[in-house]
Amino acid sequence: MATAEVLNIGKKLYEGKTKEVYELLDSPGKVLLQSKDQITAGNAARKNHLEGKAAISNKITSCIFQLLQEAGIKTAFTRKCGETAFIAPQCEMIPIEWVCRRIATGSFLKRNPGVKEGYKFYPPKVELFFKDDANNDPQWSEEQLIAAKFCFAGLLIGQTEVDIMSHATQAIFEILEKSWLPQNCTLVDMKIEFGVDVTTKEIVLADVIDNDSWRLWPSGDRSQQKDKQSYRDLKEVTPEGLQMVKKNFEWVAERVELLLKSESQCRVVVLMGSTSDLGHCEKIKKACGNFGIPCELRVTSAHKGPDETLRIKAEYEGDGIPTVFVAVAGRSNGLGPVMSGNTAYPVISCPPLTPDWGVQDVWSSLRLPSGLGCSTVLSPEGSAQFAAQIFGLSNHLVWSKLRASILNTWISLKQADKKIRECNL
């Protein structure tokens, strides 16, 4: 029988409308976020006790943060702790709500007369609002945020930091939007917050993402909304109305775990012409692992054993798992073209070129007979990424890792540029 975890909880650091934050005396730099059985709307102008909401909110946040972390998004989340709390790195919160919208609805329509409900934003529209309950969280411009000269955990919030949060908001929305699609749910909009990790001094996604944080429409139908808007829309709060709201929240909590899995399988099979190319192939396998894609290595030569090459091909075609073949053959590459001419599956040639004959050898991968769709990628890591992009069309987990990688590359360049500029001062 499992025993309940005992934490050495210190003082209360913060209390909001729906959660409390406590220090953890035995874990410096970590805090406990405890959810409440409370639901609010209109900056708590409407407020009700909702039994079980804390557990529902905690489950949703824990699953969403796990999904984002596994994708590669920097997130203030360590692990779930019991039914109603989770442990996270301690952050100094930036008092801005970042809103990302795919579909125009709600307050956006009030602030932008003439825009019809249902208008779609490409790319998603990012807005920011200063957290100030007394003034109903006024909308801010990026310039206002920069002019405020906020400093949290020693980090001054300037143009670079604002750009990072803006780009991260869009990436996070797109990952969650893509993740809800297999459940036939449209993510209409969402709001998130960032903080500065007091230990690493990095900007990270923080606070919570639960059913209070977004609009979620099954089948893209507003009348089926399952988010907190169903509570806001109540003309009068009754026990029956609250029960309906709770059922909506439970519906989301039941499905959010499904976002951590994908019904679409995927696999990369690397065919090498010789074990002398094993090092090259292992780089491909390692890169596939970074995208969560299973990868198998096989040895076969299309020149010396074409019958065995085609038998291996048939083996993988026969089990029904979506597969991308990567052909690794030096000198004259017959492996990629032979595979491409005999399978409807994608084939990528990734020849291990050598300094002496590489310039000549590469033409066996580039100049092919008509009717072959074999692509050529020279980088082992690049061939794995290309395979991931193929699978990402139908697998939201792979796509999420690709999207987070794009964001993280952009952030690293932005931070490198900031560092260089500071050195020039």
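Cβ coordinates come from backbone N, Cα and C, glycine included.
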*Annotated residue, phosphoserine, per Swiss-Prot; candidates SER274, SER340, SER364*: SER274
*Which candidate in SER35, SER57, SER107, SER213 appears in Swiss-Prot with the annotation phosphoserine?*
SER107
*How long is the line from the C-alpha of THR238 (phosphothreonine) to the C-alpha of LYS36 (N6-acetyllysine), rounded to the nearest angstrom?*
20
*asked:* Looking at the modified residues listed here (TYR22, SER27, SER274), whose Cα lies nearest to that of LYS247 (N6-acetyllysine)?
replied: TYR22
*Name the secondary structure element type, per DSSP in three states, that contains SER107 (phosphoserine).*
helix
*asked:* Going by a 10 angstroms cut-off between Cβ atoms, which of the recorded positions SER107, THR238, SER274, SER332 has the sparsest surroundings?
replied: THR238
_Same-chain residues at least 6 beyond the ends of the region 'Linker' (261-266) whose Cβ lies under 8 Å from its Cβ atoms_ = 182, 293-294, 321-324, 391, 394-398
*Write out how many residues of the region 'Linker' (261-266) are helix, how many strand and how many coil, based on DSSP.*
0 helix, 0 strand, 6 coil
